[in-house]
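Trainee: Sharing a structure here in structure tokens format.
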Amino acid sequence: MKKHGILNSHIAKLLADLGHTDTIVIADAGLPVPPGVPKIDLALTLGTPGFREVTKLIADEMVVEKVTAAQEIESVNPGQAAFLKAEFSNQKIDYIPHEAFKKATSQAKAVIRTGEATPYANCILHAGVIF
């Protein structure tokens, strides 16, 4: 049994298998998952686990080169937008329209669904390299 870090075997394998520029999505409870993209469903109840908690844990174990979020998050959910800016202060954050964001999720290696119940609390994490 692992002693540290993410214990969820699906997420641990996903992170270990990522290559440079691969993407994963951290999603709120309502984001649709495109056909063919694996979903790792962590949602237990509305709000649990939350977007911030899951995003922080993933970011601690992943080399993140850049982040993509829906541009609507800045006006509709400024608290989550501020969290993303603080958490990824050393990475570029691209803001795109929500419809384009949903289309971009079709290229992800997986969608990790949280129980988050606030609007536009989603992000695409683009893998970097450790060297």
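Glycine is no exception: its Cβ is also placed from the backbone N, Cα and C atoms.
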Trainee: Can you pick which of H10, H98 Swiss-Prot lists for the same substrate site as D28, Y120, A121, N122?
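Mentor: Between H10, H98, Swiss-Prot records just one in the substrate site with D28, Y120, A121, N122, namely H98.
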Trainee: Round to the nearest Å and give the CA-to-CA distance linking H20 (active site, proton donor) with N122 (substrate binding site).
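Mentor: Here the two Cα atoms lie 21 Å apart.
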Trainee: Counting across all protein chains present, how many other Cβ atoms fall within 10 Å of the Cβ of H98 (substrate binding site)?
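Mentor: Its Cβ shell of radius 10 Å holds 17 other Cβ atoms.
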Trainee: Whose Cβ, among the recorded positions H20, D28, N122, has more other Cβ atoms within 10 Å than any of the rest?
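Mentor: Result of the Cβ crowding comparison: N122.
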Trainee: Check the binding-site residues Y120, A121 for other C-beta atoms within 10 angstroms of each C-beta and report the one with the most.
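Mentor: Of the binding-site residues Y120, A121, the highest Cβ count within 10 Å belongs to A121.
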